[in-house]
Amino acid sequence: MKADAKQITHLLKPLRLLLLGAPGSGKGTQTSRLLKQIPQLSSISSGDILRQEIKSESTLGREATTYIAQGKLLPDDLITRLITFRLSALGWLKPSAMWLLDGFPRTTAQASALDELLKQHDASLNLVVELDVPESTILERIENRYVHVPSGRVYNLQYNPPKVPGLDDITGEPLTKRLDDTAEVFKKRLEEYKKTNEPLKDYYKKSGIFGTVSGETSDIIFRNY
């Protein structure tokens with residue numbers, strides 16, 4: 001079944017979707033579209049969770065800041081503990097739960113840990129989609145990206161500018177650039193991503209649930225749903 005602007009009100013089985021893509025590939029935008037198309041779907045973003053931890057200056061947040069400022073991916077153990085705890089707290093481990101994961105897992109070790117956790121609850125991932133976007137496009141997006149930190153709303157000065165320059169459309173509060181939204185840091189992040197993404201893609205291809213779509217389209221194919 002092909003997702004379009006209409007809502008998908010019925011699926012043959014609970015959808016547990018992993019959205020893959022390099023930093024800046026548009027995973028947040030795709031997530032927003034999917035949540036509108038599938039009302040019963042919920043989402044969790046590792047990036048949003050981390051930013052919340054950093055803002056609260058928790059122990060985990062301070063530890064994560066060190067890695068992010070250097071353009072490095074977080075260690076498997078650190079991010080895995082955070083995400084699996086949140087999945088459990090939200091009650092999303094039961095077989096009937098429907099959700100979308102953005103930004104996790106990023107390594108085969110994280111993927112294996114997630115599979116094992118879901119297996120313990122008689123559940124599993126059943127669709128993995130990668131957003132394919134040229135690196136030049138990503139870097140251009142990042143240079144023009146601003147965010148409203150409290151809500152997570154993202155703006156781009158070229159194709160999604162705020163109504164009032166520098167201010168959030170809803171609250172009127174100031175927009176900021178993320179700590180890692182610089183070309184220098186992002187190039188490092190893209191290299192780190194490439195190193196871990198190929199093994200991760202191979203991991204999910206073996207399970208038969210992997211697919212790729214252009215990150216510049218809104219089309220995601222839902223097979224057998």
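The backbone N, Cα and C atoms fix where each Cβ goes, and this holds for glycine too.
Swiss-Prot annotates Ser46, Arg51, Lys72, Leu73, Leu74, Gly103, Phe104, Pro105, Arg106, Gln110, Arg189 as AMP-binding residues; of Arg62, Arg178, the candidate listed for that same site is Arg178. Between the stretches 15-44, 45-74, Swiss-Prot puts its region 'NMP' entry on 45-74. Packing against the region 'LID' (144-181) from elsewhere in the chain are residues 23-24, 28-29, 45, 48, 51, 55, 65, 68-69, 71, 189: each is 6 or more residues past its ends and has a CB under 8 Å from a CB in it. Leu74 (AMP binding site) sits 17 Å from Gly24 (GTP binding site), taking the C-alpha atoms as the reference points. The average pLDDT the prediction assigns to the region 'NMP' (45-74) is 81.
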